[in-house]
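Taking it in order: structure first as structure tokens, then the write-up.
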């Protein structure tokens, strides 16, 4: 029996999940979990990438302690951030977080030189200041000139483990630098940044064998002999693979620090309507596209908890929130002011004050406000998606950590007026494992993998119901105008 390890690292935590296929069912075991985050060093918010590598080795040593001497391994992480590699293969600096303030106004500055419509037609990717395109636009020229290669985070981890440099396509598409038509890094865009296309590794599809873990790591650490497979390395791409969907008329919501809501399509949509609504066409596994909108997610709730010194668990916060009427206050969760404020609680209160709403005071009121606002935003985006794609959405599959928030799931079902299916919460790691198993011949296809997922995990169901959607939508429109 083959053993598979998913290295799944998000913006706030990481984990190593051991998986195996037994009687057409996936069995998972969490082997190691660790915290992740950025710290302010050398003038920027930076990821502790060396510490992440150490945590991976600690996790693999725990796998070996289970008596497993050989395994298959795949890596997924958050998107857009990168590591600059020098001529000798060394890391030139710790990677800067997408939440760093260096890209403020970068979209405006670059698009004043290079029209938005032109960039969108080429790439089909939504405009966000965190995109790699804008990070490289403001990157230190000296570092860029010294860099032989630019590797996104999961590709860098794979490189450290195996010595092989690739640019996996699902994650590379989030950079806003891939040409949809040519299926390559766009030389024209890169030349505008004075970056040679050769600084990027060869584009590689999800499901491709990468290589074996280097001997030096086997000698330094007591870890299994691992075959590394390049999975869908963008965590959302893996989460969509791990979605237990069936049929055609469905949408997905990968709910975590970010909310990524969209549809899986066979072809991109980069027309005027998609451009106007700032939708993105991220590449998916096995020739698919993730037509989606990137929305703020549970980050806001996480920050409320932090400002409260974690006196309440997230379950307790949701319980407190249920004591208040919904939609008493509505915030635009995608407003840039909520991206990384000094104090999230103060920012929410100030927003409500500025927009003529009552100010939420308690932890329950604040949480109620955020969950209600998120659900409303999801419903509005599903409505827009239907208009742009012409496809009727009958079901929404919510996966990731947010699938455990029953209040948010039920509010979404009611506002959107469709059935909501919630779970599994570890869809990203599951999608990571499924791609590995397809590579190894244990699972036939992504469709077959999704059937196995449905048979392996409990999926929650939330029915739609009557709610004052149009009235609430009108109130939200007025809030936006006020703001």
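A Cβ is built for glycine as well, from the same backbone N, Cα and C atoms used for every other residue.
Sequence annotations record features per position, and here Swiss-Prot assigns active site, proton acceptor to 235. According to DSSP, residue 235 (active site, proton acceptor) is assigned to a helical segment.
The Cβ of residue 13 (ATP binding site) lies under 8 Å from the Cβ of 33, 34, 35, 36, each on the same chain and at least six residues away in sequence. The ATP binding site annotation in Swiss-Prot covers 11, 12, 13, 14, 15, 257, 302, 401, and the record cites sequence analysis as its basis.
Annotation source Swiss-Prot lists substrate binding site at 79, 234, 235, 236, 294. According to DSSP, residue 294 (substrate binding site) is assigned to a strand segment.
As annotated by Swiss-Prot, disulfide bond applies to 352-369. Annotation for residue 352 (disulfide bond): spatial neighbours 329, 331, 358, 359, 360, 369, criterion Cβ-Cβ under 8 Å with sequence separation of six or more.
Fewest Cβ neighbours within 10 Å among the binding-site residues 12, 236, 257, 294: that distinction goes to 12. Each residue contributes its Cα atom, and for residue 79 (substrate binding site) and residue 235 (active site, proton acceptor) those atoms are 7 Å apart. Rounded to a whole value, the Cα-Cα separation of residue 257 (ATP binding site) and residue 234 (substrate binding site) is 14 Å. Taking every pair among 79, 234, 235, 236, 294, the residues recorded as binding substrate, the greatest CA to CA distance is 13 Å. For residue 11 (ATP binding site), the number of other Cβ atoms no farther than 10 Å from its own Cβ, over all displayed protein chains, is 21. Under the three-state DSSP scheme, residue 352 (disulfide bond) falls in the helix class. Taking Cβ-Cβ distances under 8 Å and a sequence gap of 6 or more within the same chain, the neighbours of residue 15 (ATP binding site) are 6, 8, 9, 30, 31, 32, 33, 34, 59, 429. Taking the Cβ of residue 401 (ATP binding site) as reference, residues of its chain lying under 8 Å away and at least six apart in sequence are, in sequence order, 255, 256, 298, 425.
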